[in-house]
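Down below is the structure, laid out as structure tokens.
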Amino acid sequence: MKKISLPKIGIRPVIDGRRMGVRESLEEQTMNMAKATAALLTEKLRHACGATVECVISDTCIAGMAEAAACEEKFSSQNVGLTITVTPCWCYGSETIDMDPTRPKAIWGFNGTERPGAVYLAAALAAHSQKGIPAFSIYGHDVQDADDTSIPADVEEKLLRFARAGLAVASMKGKSYLSLGGVSMGIAGSIVDHNFFESWLGMKVQAVDMTELRRRIDQKIYDEAELEMALAWADKNFRYGEDENNKQYQRNAEQSRAVLRESLLMAMCIRDMMQGNSKLADIGRVEESLGYNAIAAGFQGQRHWTDQYPNGDTAEAILNSSFDWNGVRKPFVVATENDSLNGVAMLMGHQLTGTAQVFADVRTYWSPEAIERVTGHKLDGLAEHGIIHLINSGSAALDGSCKQRDSEGNPTMKPHWEISQQEADACLAATEWCPAIHEYFRGGGYSSRFLTEGGVPFTMTRVNIIKGLGPVLQIAEGWSVELPKDVHDILNKRTNSTWPTTWFAPRLTGKGPFTDVYSVMANWGANHGVLTIGHVGADFITLASMLRIPVCMHNVEETKVYRPSAWAAHGMDIEGQDYRACQNYGPLYKR
């Protein structure tokens, strides 16, 4: 089967078409702008899979309808998923713009005095607004000389932010969400909304009963040699935590081995269901070898599976991590309890950063007063206003231990192409595997337990669906916090101490939902959230605007909010603009 190609970025150099001196004097400068833009994007960006981003430049500068059509024909054949139009001069607005209604698009008008690039930018954006095809504006803050081929820092920031978000849009389009099971314990996010995936993300939903997973395990529809490799890897790397079950529920060595074996098999089979596995065709399972073209998945687990079979904690944690028995590799996106909306937030974060995502319950707000009462410890530093306990038995990526290091030696989570085997081993060494608590998981299983290092910048996100409004996105930038060990132990033992923990302190603004830490917790729209490494809320905002998903809560500086230019026509308050524009334009893939 032919492999689906990755989306490319189309670069459209547009030009004043008047011959006999005007166009000729601009050809080189205009095409050089396109080449410089392509070089920047190719150097600075990668796809989430690690592949280099490719740019496709129009064969000629575009002065009118004929050349615009020729450019579009080329882009259509090259799988261009987003476009950037560049020009240093006046051109003919509506005659030269990209008219594809679903492809994200931006225009960079060169800020120079010799030719009016800004005038074209304004004229072209007016045409986009009038035609109902929003576009992003890129215009340098400072005037440049005509022969200056450099890309200013503010222009570079917008080019990269637009491209990251646009690539995420293009990468999701045409893929599927694998809904493995149904609704878990009444959790609304696991009531998978096909219309949301189709209309806003351009994706399909593949609904598969959990009996398909059982069938693959029981009928050995997997690579048996790989299973042996996985078991050997676990034997070498897994450290086991204490068994907190009552004696009558504790398993012997043989039973524990069977639970581990099935947990690893679940990881293999869910992966194969998502992306396919050619080795299955070798054993006569051609249909199963294809997979479901899934860019994200969710596993219901509770309770119809977990009451009799090992839970999905081990499988989900391994799949979401950037490494397994095959070494360092691209992380998958698998939502525990089939919370598809948290899965979408995970997918967004992964596409924007290329990193693994930390799925968690937004479990408890601990005020400074409560912590001092319970532990005698007075919070300070990042934690001085209180903290939120993020903890869940399921699919937190082991990368979330933050045992990887950036170029300055700081704890972080990195895209897989930057992770060394030593860093992967360090994440494994920081993780214990604790037998599942029988009262919750009668079929057994192992939950990963680690503690996220402190002082690491994170962005917490969540997608919710509101009847009558549609999807909304929540964003909270903040940091992980490290507590003294005795304080952590006291707090952690008040909940389930066999699960992974991140202590999170959101950045406060003193206003609205970010008045204090309690308000962040109180305004969070569901029981789950996602941690993405870095303060990348601005990228989420740009991506959400492309998909027409309003942001109902964020603490990103206003100067970093970057949305299509037409949003400015929807009022003077930028968050009200967002709601009105998203309602006006409707979902990106209107269905």
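Placed from the backbone N, Cα and C atoms, the Cβ positions cover glycine too.
Not measured: the values here are computed from a predicted model.
Among the candidates ASP307, ASP361, ASP486, ASP489, the one that Swiss-Prot lists alongside GLU337, HIS528 as binding Mn(2+) is ASP361.
In sequence order, ILE187, GLY189, GLU337, ASP339, ASN342, PHE359, ALA360, ASP361, VAL362, ASN392, ARG462 constitute the residues six or more apart from HIS528 (Mn(2+) binding site) in its chain with CB-CB distances below 8 Å. A simple way to gauge crowding: the CB of ASP361 (Mn(2+) binding site) has 21 other CB atoms within 10 angstroms, across all the protein chains here.
Mapped onto three states, the DSSP output places GLU337 (active site, proton acceptor) in coil.
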